[in-house]
Amino acid sequence: MNRSKEADASASSRKNHSSYLDDDNISQDAPAGVQKIEATTKAWSRKTLITAYAMMWLIYFVNNTQQGMAFALTPYVTGRFQKHASTATIHVMASLIGGLMKLPLAKVLDVWGRPHGYAFCVALLTTGLVMMASCKNLAMYTAAQVFYSVGYSGLSYTMSIFIADTSALKNRGLMLAFALSPNIITAWLGGPIGKSILVGPGLAWGFGIFSIVIPVVTMPLFGIFVYSYYQAKKQDLVVEIIRHNFVQFDVVGLFLVTAGFTLFLLPFNLYQRQPELWRSPKIIAMITIGGSLLVAFALWERFFAPVKYLPWGLLTNRTILGACALATVIFISHNLRDSYYISFLQVVDDLDLATATYITNIYSVGSCIWCIPVGIAIRLSGRFRWLAWYFGVPLTILGVGLMIHFEQPGISIGYIVMCQIMIAFAGGTLAICEEMAVMAVVEHQYLAVVLAIGGMFASVGGAIGATVAAAIWQDIFPKRLMKYLPAETKGNFTAIYGALEVQRSYPVGSATRDAIVRAYGDTQKTMLIASTAVLALAIACVGVWKDLRVKDFKQTKGNVV
């Protein structure tokens with residue numbers, strides 16, 4: 001009997017799905033937070049819906065602007081503490097924890113409600129910015145990055161859930177493209193703002209300003225959702241749905257999966273700090289315990305959980321697994337090649353910070369522009385798999401593969417721009433298709449959870465990619481730098497290795513600058529080879545997807561786009 005129920009969930013209850021989809025009543029068996037958002041969308045007007053989307057666009061705009069500034073300034077913050085090599089390490093810690101926190105956040109959104117999780121993420125993001133503005137050492141900056149990353153990724157994730165809640169499945173690709181469209185503008189703002197901060201008021205003010213701006217622009221959307229919910233209560237659309245308790249949260253499952261992934265993945269970043277490296281008892285214990293907790297999570301969800309985090313049939317659904325695996329592969333590849341990319345452009349190509357961010361943001365701009373025709377193609381064809389299979393994956397592999405040759409000292413930066421445009425168009429295609437894949441096979445009540453799982457896999461992939469990039473950097477760059485440095489500056493090795501500003505202080509064409517450039521070229525080439533190799537797995541990831549026709553299904557209820 002249980003297996004039968006799980007099989008129905010695995011296929012999004014397709015046989016019984018039509019009655020669910022045709023019924024526009026609130027889902028009485030859904031978690032409280034899902035019932036609340038369904039009541040909200042039934043109660044609000046078209047005008048309120050449009051206002052909410054306009055506010056979301058503004059929030060994405062401001063949030064992406066501050067993220068671009070923070071990304072541009074990170075090498076200078078770590079360099080200020082003589083820890084430029086720690087740039088990728090900090091990114092690993094922050095992105096990993098940020099991704100894992102989406103798992104409990106999904107339950108907060110489902111059980112308590114979307115606005116509650118949204119406000120919590122705004123508070124964390126603001127706290128992280130305040131901490132970064134006042135940090136005095138690298139340890140405090142790292143802690144601030146964790147708060148910041150959890151808040152930033154959580155806020156973006158929560159608004160993705162809002163979009164999923166308020167859009168029809170056939171239009172969702174277009175609405176996701178709409179949410180990404182601010183990047184077309186903000187990609188050009190982060191670098192100039194970061195440059196102005198560096199030469200002007202200083203790093204602290206850069207983060208401090210946004211710690212004030214973020215709450216101001218985010219709270220009106222919170223007000224709209226809360227107001228619309230209480231309007232729904234007045235219309236008697238809300239039955240007694242307050243059921244947030246220990247069982248509904250699946251606290252045991254959340255603890256097992258979050259602790260398991262944390263303990264299993266952190267050693268890949270921490271092992272170099274141990275005298276015995278991989279043989280360290282601490283590292284071995286963390287990997288062993290983490291792996292055991294993940295196995296325990298699978299057993300708990302399969303046999304014991306009274307309220308499952310996600311039905312077992314969905315946890316083993318090939319389309320969901322393939323989409324999650326694709327997210328992991330894409331982010332491993334991305335962070336492998338991009339963790340030190342902005343530093344590479346400033347040192348090897350002698351670009352200033354603003355111009356370097358323009359180059360790095362080609363991906364953001366190109367992918368966001370390309371998301372719009374991808375969304376239209378999905379709307380017209382009703383399918384998404386063909387876009388990833390015939391266009392997204394092959395073009396990504398081609399673009400990254402060409403970078404192995406073109407991203408080297410002495411080669412025109414125009415070739416790098418060409419490759420970045422190819423990767424951007426492919427990446428925009430895969431971003432939309434991957435999210436559509438995880439959402440197309442589930443009912444509304446599981447949207448938050450499957451998007452959280454997809455986001456977690458992406459963050460884990462990013463953490464793995466940045467970890468490998470940091471390992472390659474810390475292994476190859478110092479050795480090549482010491483090998484290539486002229487005798488007169490070998491004594492300054494530590495300062496050169498530790499700070500981007502010191503590297504850039506040597507004139508272009510000098511023996512020392514040439515040595516630094518050669519070391520960068522050797523290191524970046526190794527990262528790009530690894531980045532290209534891992535992309536081969538993307539073929540298998542997309543290959544297992546079902547070729548679903550999204551026009552056939554209605555997933556959301558109420559007044560949606």
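Note: Cβ is positioned from N, Cα and C throughout, glycine not excepted.
These come from TrEMBL:
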type	residues	note
REGION	1-27	region 'Disordered'
TRANSMEM	52-73	transmembrane segment
TRANSMEM	117-134	transmembrane segment
TRANSMEM	146-164	transmembrane segment
TRANSMEM	173-191	transmembrane segment
TRANSMEM	203-230	transmembrane segment
TRANSMEM	251-271	transmembrane segment
TRANSMEM	283-300	transmembrane segment
TRANSMEM	312-336	transmembrane segment
TRANSMEM	356-380	transmembrane segment
TRANSMEM	387-406	transmembrane segment
TRANSMEM	445-473	transmembrane segment
TRANSMEM	527-545	transmembrane segment
Q: Please work out which recorded stretch in 52-73, 146-164, 251-271, 445-473 has the most C-beta pairs separated by under 8 angstroms from the transmembrane segment (173-191)?
A: 52-73
(Q) Cβ under 8 Å, sequence separation of at least 6 from the ends of the transmembrane segment (117-134): give me the contacting residues as numbers and ranges. (A) 63, 66, 70, 77, 105, 108-109, 140-141, 143-152, 154-155, 157-159, 162, 204-208, 210-211, 214-215, 218-219, 221-222, 225
Q: Answer yes if the transmembrane segment (251-271) and the transmembrane segment (527-545) have at least three CB pairs under 8 Å among residue pairs 6 or more apart in sequence, and no otherwise.
A: no
Q: Please work out which recorded stretch in 283-300, 356-380, 387-406, 445-473 has the most C-beta pairs separated by under 8 angstroms from the transmembrane segment (527-545)?
A: 387-406
Q.
Can you work out which residues elsewhere in the same chain, 6+ from the ends of the transmembrane segment (356-380), have a Cβ less than 8 Å from its Cβ atoms?
A. 68, 71-72, 170-171, 173-177, 180-184, 186-188, 190-192, 194, 338, 341-342, 345-346, 349, 387, 413, 416-417, 420-421, 423-425, 427-429, 431-433, 436, 550
Q. Which one of these stretches, 52-73, 203-230, 283-300, 387-406, has the most C-beta pairs shorter than 8 Å to the transmembrane segment (312-336)?
A. 387-406
